[in-house]
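Input: a single structure, listed below in structure tokens.
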Amino acid sequence: MTSFFDSPSKVIGASIALRAVLLVYGAWQDAHSPIKYTDIDYFVFTDAARYVSRGASPYARDTYRYTPLLAWLLLPTTWDSIPGFFAFGKALFALADVVAGWLIAKVLVSAYGMSPSRALKYASVWLLNPMVANISTRGSSEGLLGVLVVGLLWAVLSRRVSLAGVILGLGVHFKIYPFIYGPAVVWWFDAERDGSGSPRGTATARAAREKDDGQDGQGILSKAVDFLTPARIHLTLVALATFSALNVSMYILYDLPFAQNTYLHHLTRIDHRHNFSPYSTLLYLSAAGGARTAFESLAFIPQLLLSVVVIPLVLGKKSLAGTMLAQTFAFVTFNKVCTSQYFLWYLIFLPFYLPSSSLMKNPRKGILVGLLWVIAQALWLQQGYNLEFLGLSSFVPGLFLASLFFFAVNVWILGIIVEDVGGSA
């Protein structure tokens, strides 16, 4: 297999071929099977695009909870006169997968010092992953986020501060969750890494600190001055400007439905179907009772405390990619809604984490982690099949216990990731 990974064209070609085969198979399954290959969300996307093509708002389509940019990108799916163009969005998402994989290899070579062949091996964890290819070819837009997230990592590690700010602002506008990377990126960009001086700050700041050593108030002020490096300020301003410009533009075009569906809806979202989260049963009971409870908003507290505060502060100076992996894993694990598409949010960081991880150094441990993660999903899916296809009431105890087991496995894996990243140089 060494010769295979020595050729970027072969690896990229194989990843494209995998997705092409799945696209063709998906079209066949949709036409011949009662169980459809295409994700229901894809029909939501394309319906929204059709409304836009008629001069209406994408939010005229019920359950469209995304930026208008996505509906705009899928306008070619409304060109009914051109055969096959309804699948344009799937092809776009699949292509985005491949671009994200190419960026992964690029970062591994430029920032991690890997040889191109070794970088392609690890990038293939994403490029040749059938789960990744399946989700994108079913019509999930996560591949687009993959490009933005890896693009953000590349821009930061390349010290392209303006570009990193633009990508971060665009990513948060496109889908809320990339905001968690803001603290990690800002914390990582100290004075040493942005080239403006030593990590202890400028000469003026150091002189002030030495003069006021022992004075707590002045010491805190000095640390605050040290923290505000040019790169951190620049990145924050560019990201906020990009995010604000996009949101103001969309609000002018689509008014309150844009804000409500794209952002506010997620604060009190109730979604108990296809949900791996242990909150799913509580969401089901809440929906069945017709009453909203405080936990729908309180559920954000442990999730955000871990992913936005604790993990970036503890790990941010160790490894940026490793920190982003831990943040994303915590965010998804503790989210009140967790679907298969969300797994792609953290799987994209595996090529950066695996080379120095304990899972590679101890293969038995790696195999055990992989098996438990798959088994936990399989147990949940078996209960979900009983509910969705057999009509059995399996919310309690079946789905609830399966969700708790999956949650426990993921918390254990998160602990391994944090320990590995925390121990890195």
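Note that Cβ sites are derived from N, Cα and C of the backbone, with glycine treated the same way.
Going by Swiss-Prot, these are the annotated features:
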TRANSMEM  11-31  transmembrane segment
TRANSMEM  85-105  transmembrane segment
TRANSMEM  144-164  transmembrane segment
TRANSMEM  166-186  transmembrane segment
TRANSMEM  233-253  transmembrane segment
TRANSMEM  295-315  transmembrane segment
TRANSMEM  340-360  transmembrane segment
TRANSMEM  367-387  transmembrane segment
TRANSMEM  398-418  transmembrane segment
Contact count check, CB pairs under 8 angstroms to the transmembrane segment (340-360), set 11-31, 85-105, 233-253; argmax is 85-105
At an 8 Å Cβ cut-off, counting only pairs 6 or more apart in sequence, do the transmembrane segment (166-186) and the transmembrane segment (233-253) clear the bar of 3 or more pairs?
yes
Of the stretches 11-31, 85-105, 144-164, 295-315, 367-387, which racks up the most C-beta pairs under 8 Å with the transmembrane segment (233-253)?
144-164
Excluding the flanking five residues on each side, which residues at least 6 beyond the ends of the transmembrane segment (11-31) place their CB within less than 8 Å of a CB in that stretch?
4-5, 37-38, 87, 90-91, 94, 97-98, 101-102, 120, 123-124, 127-128, 130, 133-134, 136-138
